[in-house]
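Down below is the structure, laid out as structure tokens.
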Amino acid sequence: MSRILDRIDSPSDLKGLSVADLGILAEEIRQEIIAVCSRNGGHVAPSLGVVELTLALHRVFASPEDKIVWDVGHQAYAHKLVTGRRDRFATLRTLGGISGFLKRAESPHDVFDAGHASTSISAALGLAAARDLAGRKNKVVAVIGDGSMTGGIAYEGLNHAGHLNRDLVVVLNDNEMSIAENVGALSNFLSRTVTSEFVHTLKKDVESFLEGLDRIGRNVLKVAKRAEESLKGLFTPGMLFEAFGFEYIGPIDGHDIGRLTETFEKVRRFDDAVLVHVLTKKGKGFAPAEAKPSLFHGVGPFDPVSGEIVKGKGGAASYTGVFGQALTRIADEDERVVAITAAMPDGTGLGSFSARHPARFCDVGIAEQHGVTFAAGLAAEGFRPVFAIYSSFLQRAYDQLFHDVCLMNLPLTFAIDRSGVVGSDGPTHHGLFDLSYLRTLPNMVIMAPKDENELQHMLKTAIAHDGPAAVRYPRGNGLGVPLDQSLVPIPLGTSEVLRAGNGTCVVLAVGTMVGPALEAAATLEGEGIDLTVVNVRFVKPLDRELILSYADRAGVLVTIEENVLQGGFGSAVLELLADEGAEGVAVHRLGFPDRYVEQGEQHELRSRYGLDAEGIAGRIRVLSTR
Ligand SMILES: Cc1ncc(C[n+]2csc(CCOP(=O)(O)OP(=O)(O)O)c2C)c(N)n1
Ligand SMILES: CC(=O)[C@@H](O)[C@H](O)COP(=O)(O)O
Ligand SMILES: [Mg+2]
């Protein structure tokens, strides 16, 4: 039997469907999401949770004239399926395929690119302001999750929107989850829904009783209503949004398409700022995802029936895991160590730390800026905070790094996970800028380990250092090297010569690039090219002496980094050589170019950009024959 989904080429095809048909379509969409994500991986639970919400929005609002802005965009798979991307959906998150997030370049229905959280309200308000300036009449809708509502920019947007009172709809998709359990006072506040329903029922009962009485009864009713309003105000989530100047509607069942459609029809007729509070279940309709929403938030391939996760090739422990274990051990001996995450406790490997040292663990929510300044406060009082954070999310907190950390030279460790290419999440998530953005800040020490064992020692080095220090390491498995139990700080600014070579061509490799550089050296040895390979270890401070002495002797210096070339390690070497007047040495920089790198498996991207062993060998071969 043909599916309704196969007849949906654009949102306008939803208009003629009955509520019952929409229910059937929701089920078909869920099956499609599960089938494709079971092969490609993806953000399964967030997307399954908003299928009815997506259908109701697209049925009532006329995208792309009406603008629907999805926060993060990780929940927008149903949106992709009903906006003309059904045929390409099987390529989701693959090299050359459609994005796992929103992309203006992909569809006119994706009105604002995303991948990072909490931006939708500000973006939607900008779209609404542009509409008003242009004299258009379209609607603008921001859809934001309860987790993303922990990000400060969301309140900056609400504050401005309430003040402007533009025609703007904000849908709060409340599933009581961030990736892990949502944290913070707001999340407690939102979950007081039950209390508010209780107050609502109580109000109705009391009203009908008093209305049955005489005039005195009606006066009592007036007083009671006033009291009830303040009581309700104390207990309902609406109060918060009303204080921001929004009309509040909800909470409503986010899986009841009929109710959602009716509500949005009503809201469509308003012309001021409205917030619709919708309650959904993360992972809805797929039992394994409902049972383990954190696991299925973002997941690799799995069995589409049982939900069992397909095991990788096994092998070495991940950098993330080794970091978490090492930090826990260091904290066992050093009571000053406090671990901080911004809503990524599992992704950053802090699970064992939080279980062992709960009082010294903090999840600040999706609040990277706050997290950095909060950690700086701890550091100012003698603690040794370690902020474990993804490279691309730390970008949010650049001024905090500058103003609240480096300026005071505070002892704060940044454990920067997901540096380099991360894979299927693509350009919003690759950690390709941290060497550049950290290098410019005075006082900052920057390290990158060649393997997971060195990561442990670098962590120890960072925590022992009396100033800010960053250790950047990649997503995925380490090299499987033995792990030292006793950790020793590495003297700052010292690198390590791993292969002496004949000194004609010297490779200065950073972190993940050390392994492929050594492999390339082994390949080229058979061709009579005898490379020197240096594990740089410190991007700041540089090992000036070693670099300058090689520059004196070598014909060619090759720098290799899993970072953009602009402002990265290679740039630092060029600056040093220029400042010291080093002449006669040719410098070749290998790294990522000055553009946003697409999605794809990590190995595919490294290969595409010539940063695997083969690519490195090929480029040095060309240099050597010049
Ligand atoms: C700035 C930033 N920090 C962290 C993340 C990682 N992240 C992606 S989705 C998510 C949870 C979002 O929760 P919510 O908005 O409630 O959406 P749900 O997944 O529950 O649907 C987090 C922490 C991110 N994308 N951007
Ligand atoms: C949407 C988002 O930002 C996160 O879910 C991210 O995709 C997690 O990435 P990892 O899978 O590398 O933890
Ligand atoms: Mg949520």
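Just so you know, glycine gets a Cβ as well, placed from its N, Cα and C.
According to TrEMBL, the feature thiamine diphosphate binding site maps to H74, G115, H116, A117, G147, S148, N175, F286, E368. Close to H74 (thiamine diphosphate binding site) in the fold, though at least 6 residues off in sequence, lie H43, P46, S47, G100, F101, G115, G298, each with a CB less than 8 Å from its CB. Under the three-state DSSP scheme, H74 (thiamine diphosphate binding site) falls in the coil class.
Sequence-distant neighbours of D146 (Mg(2+) binding site): residues of the same chain at least 6 apart with a C-beta under 8 Å from its C-beta are L172, N173, D174, N175, E176, M177, S178, N182, L186, S187, L190. The annotation Mg(2+) binding site is assigned in TrEMBL to D146, N175.
Residues annotated as domain 'Transketolase-like pyrimidine-binding' in TrEMBL: 317-481.
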Does DSSP put N175 (thiamine diphosphate binding site) in a helix, in a strand, or in coil? coil
For H116 (thiamine diphosphate binding site), what residues in its own chain, 6 or more apart in sequence, show a Cβ-Cβ distance under 8 Å? V72, S392, F393, R396, T428
Neighbour-count leader, CB within 10 A, binding-site residues: G147, N175, E368: G147
Checking the binding-site residues H74, G147, N175 against ligand 3, those whose Cβ falls under 6 Å of one of its atoms come out as G147, N175
Which of these binding-site residues (H74, D146, N175, E368) have a C-beta closer than 6 Å to some atom of ligand 2? H74
At its widest, how many Å does the recorded thiamine diphosphate site span between Cα atoms of H74, G115, H116, A117, G147, S148, N175, F286, E368? 32
